[in-house]
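Novice: Mind looking over this structure? Questions follow.
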């Protein structure tokens, strides 16, 4: 960061909406946010308390739930404030730096984690007899730690490139949270080099992860087709369907915003809602409503709670 910056406060323009819809949107997004936090906390609790779910797949799912809970928390509360109060639209320079860092830290970590989860499914389906030894507890911890460290490094590069520029006025960010593309437009310096580096940085990470995920699933499909029974093929397919759903919902909007020429600010803000608000909610919905093991544990916990209250 540079001492030439004279801007001490930014103003977030928020979501594009009619003034009369502010309260309605606030209520909708507040409900979604509460469901997201409660749902992901529930997954964390279920996986922690049930020994049957202490497997590599659920270990990574626990990491994903933790990320999604905070990924939503980084952006949604501030967005809610911009919907109901003009004062809520302001954000200090240090807070903006922290929000951008946290957003890209959690987002890139989730990107790496989806890649690791696809690799885990590949090993489970392609090498079922060797899976336990290949994906040991130590390996799981190593892979998870690598995703967090890689996400932190990626975000540090992103944040440094953005805020090393001078900001000397205007200070209105055309978004509902601090993100690199709209902030660069406020810098009073040439940002073409920054935009190129950020484009390549995000492009390499996103396209690299997505390519590895696609390669994993090509191998998975090849292995599934070798399964003789239709029941076995269907069971193998179901274990991957949930992961594919959230991967597509996460990568699709991100590619649209960061990896396309030109920018339409209003459209970018609307599309960003999908991966900052909706995708974190999809995790608990997809992994609980479509997962028999998790539903079984939830029903067991519900019965225990009901039994204890009836005493």
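Please read every residue number as a count from 1 along the shown chain.
Each residue, glycine too, has its Cβ placed from N, Cα and C.
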Novice: Between the candidate ranges 170-189, 270-289, where does TrEMBL place the transmembrane segment annotation?
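Specialist: The range carrying the transmembrane segment annotation in TrEMBL is 270-289.
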Novice: Is the transmembrane segment (100-119) in contact with the transmembrane segment (196-220), using at least 3 Cβ pairs under 8 Å (sequence separation of 6 or more) as the test?
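Specialist: Yes, the transmembrane segment (196-220) contacts the transmembrane segment (100-119).
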Novice: What else in the chain is close to the transmembrane segment (24-47), if you only count residues 6 or more beyond its ends and a Cβ gap under 8 Å?
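Specialist: For the transmembrane segment (24-47), the sequence-distant neighbours (Cβ-Cβ under 8 Å, at least 6 residues beyond its ends) are 15, 17, 53-54, 58-59, 61-62, 65-66, 68-69, 72-73, 76-77, 79-80, 83-84, 277-278, 280-281, 283-285, 287-288, 294, 297-298, 301.
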Novice: Summarise the model confidence on the domain 'G-protein coupled receptors family 1 profile' (39-287) as a single mean pLDDT, whole number.
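Specialist: Reported value for the domain 'G-protein coupled receptors family 1 profile' (39-287) is a mean pLDDT of 85.
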